[in-house]
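Participant: This is the structure I want to talk about, given as structure tokens.
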Amino acid sequence: MTVLRAPSPAHRLALAALLALAVALPWLGGAFLVRFAAEILLIGTAVCSLNLLMGTGGMASLGHGAIFGAAAYVVAVVAGRLGHAELVWVLPLGAASGMLLGALMGAATLRTSGLFFLVLTLVLGQMVWEVAFRWHDVTGGADGLRGFPRLSVAGQPLASATALYLVAAGTAMVGWWLLRSYARAPIGLALAAWRDQPLRVDALGWSAGRLRVSAFILAGGVAGLAGAVYPFLNQYVGPNTVHWSMSAAFIIMAVIGGIGSRTGGFVGAAVYLFVQTYVSSHTDRWQLVIGVIFVATVVFMPHGIAHLWRERRRSNGDAHPAENGRAPQ
């Protein structure tokens, strides 16, 4: 059993510094940097939701990018039809779309595991891509969607990068809190226990199917929440957003950041997007750089970059037993 203690002064100082940096970022950087930070927050939120499936449930899904992208498409299409994109309905619609697709994916993969689970989620995700790519009249086909209204609050368009960053930050905080609460709740601990001891959990009366589907619903809802805001960063959403390569990138980010870590998704997203955005401006072999980082992480930091921080917390007795997705002993 892990003993809980108050965070050390060093941890409090580090968290305060990170919070201060996040608040001051819109005034420290230009519009491009602020939008880049917003993208990290949104992609990181989606990766954190995948981390719930991978870390807590032991289910690596190659269809999670499709859930994220489908929510982006749904919001963009509805906004185009209505002629406005009020935040008050954009977020619930994105979350509902993600939850619905997550429930369907969870139910469809209920009797699979391992490689069969991975392949089935890949197929389901590619079905979403096929719809987005072929349904030209609604989704724009290969060209994607442009020209939909900007995100707005009370009728006021959020045109500035700072406004979008604040929305992304709020979305990330809500998503992170939901995932953290689930992982620490009895159902989250039961899911982690089922991953390690399925027969014992079944004997205790927990339904494995309900545990898996509930995790898919929450992970899909959080991914949909982030996906709802994503198209408004650049006023565009395209079929690449729902392609299997997006799901693969999510898995790479989760591994780099740390599978089972509540914050690893943001760390992995920051590393991946930095290489994709900045390194690619110097060489077209940026994917090779990602590969090197991925291999180095697996070999030298198998629990991810965020694990370094978690280990330090454990040494000071600050860790929670569900921090790495494991039930307390």
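In case you wondered, yes, glycine gets a Cβ from its N, Cα and C as well.
The model shown is predicted, which means the values in this text are computed figures rather than measured ones.
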Participant: Between 5-29, 155-179, which stretch does TrEMBL give the note transmembrane segment?
Facilitator: 155-179
Participant: Considering only Cβ pairs under 8 Å, which range in 66-83, 89-108, 155-179, 213-233 makes the most contacts with the transmembrane segment (115-135)?
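Facilitator: By the under-8 Å Cβ criterion, the transmembrane segment (115-135) pairs most with 66-83.
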Participant: Are there three or more C-beta pairs under 8 angstroms joining the transmembrane segment (286-305) and the transmembrane segment (245-274), sequence spacing 6 or more?
Facilitator: yes
Participant: Hey, which bits of the same chain come close to the transmembrane segment (213-233), Cβ under 8 Å, at least six residues off its ends?
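Facilitator: That would be 35, 38-39, 42-43, 45-46, 48-50, 52-53, 56-57, 59, 64, 67-73, 75-76, 85, 90-91, 93-103, 105-107, 110, 145, 148, 150-151, 158, 164, 167-168, 171-172, 174-175, 178-179, 182, 187, 191, 241.
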Participant: I need to check the long-range neighbours of the transmembrane segment (66-83): which residues 6 or more away from its ends have a CB within less than 8 Å of a CB in the stretch?
Facilitator: 46, 90, 93-95, 97-98, 101-102, 105, 124-126, 128-129, 132, 138-139, 145, 147-149, 219-220, 223-228, 230-231, 237, 241-244, 246-247, 250
